[in-house]
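If you check Swiss-Prot, you get these features:
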SITE      35  site 'Transition state stabilizer'
BINDING   70, 71, 92, 186  substrate binding site
SITE      249  site 'Transition state stabilizer'
């Protein structure tokens, strides 16, 4: 019985590799921008699975670019330093003291943890913030009522080109400065990932989230919509099917597709090896939004 089980396991592995082959061939040399955050960042086993997925993508010739958040660790440090955390309209209100913590955590801690984790697997990862080389230029979000919360004013992809050409994996924190006064701003990592994907003419934008994807019924995890056209995604927002925290993620995908990204994916980062399951299998595991059929 044990030998039979082993043969079945071996056959499954071979089948998975066989299914992945055409995708590996198709995406070799292509750029995929991945927003990494949520549960996949908070839990050690999921974190390890993401690092292995990224290492494998790089190993087979895909050019991954990682953009990360770090909300839970920011909250922990704010609490430790007795700085109150405030959220408004789903965004962190960021005064000067909070921004110091955000920059310390995202640039100095989380970014280096990801870089070190990837490098341990033989991946050549390089840590950057949006401020480095003016990779991302920020502008104040809205009317400035949220303090040092920013939006993307401009992306300079030339900073990343030599790294990608030489096989490095850029790991980017979503902190960037305004060009007029050089003040650091906290930008939503989904937004940074989407704008980078467009500027890099990426094949895919992938958002790791804490939900299965876009749901037809937000209270039913089995109502996953596996594929949408750009026009259908817009309609779901208008109809209120996409609401709450899924709205900015879907809008991020829409903007990226409108600027030339081939496909955008919203996937469940709580599933081990979600990246490989989405990129290298026929069924995928999340929602894929495409510009056309």
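Just so it is clear, glycine is given a Cβ too, placed from its N, Cα and C backbone atoms.
Just so you know, the Cβ of residue 70 (substrate binding site) picks up 25 other Cβ atoms within 10 Å once every protein chain is counted. Using a 10 Å Cβ-Cβ cutoff, residue 249 (site 'Transition state stabilizer') registers 24 neighbours. Listed recorded positions: 35, 92; maximum Cβ neighbour count within 10 Å falls on 35. Around residue 71 (substrate binding site), the same-chain residues six or more apart in sequence whose CB sits under 8 Å from its CB are 37, 92, listed in sequence order. Take the CB of residue 186 (substrate binding site) and look out to 10 A: across all protein chains shown you find 28 other CB atoms.
Residue pair residue 70 (substrate binding site) / residue 35 (site 'Transition state stabilizer') shows a Cα separation of 11 Å.
Taking the Cα atom of each, residue 186 (substrate binding site) and residue 35 (site 'Transition state stabilizer') are about 15 angstrom apart. Distance between Cα atoms for residue 35 (site 'Transition state stabilizer') and residue 249 (site 'Transition state stabilizer'): 11 Å, as a whole number.
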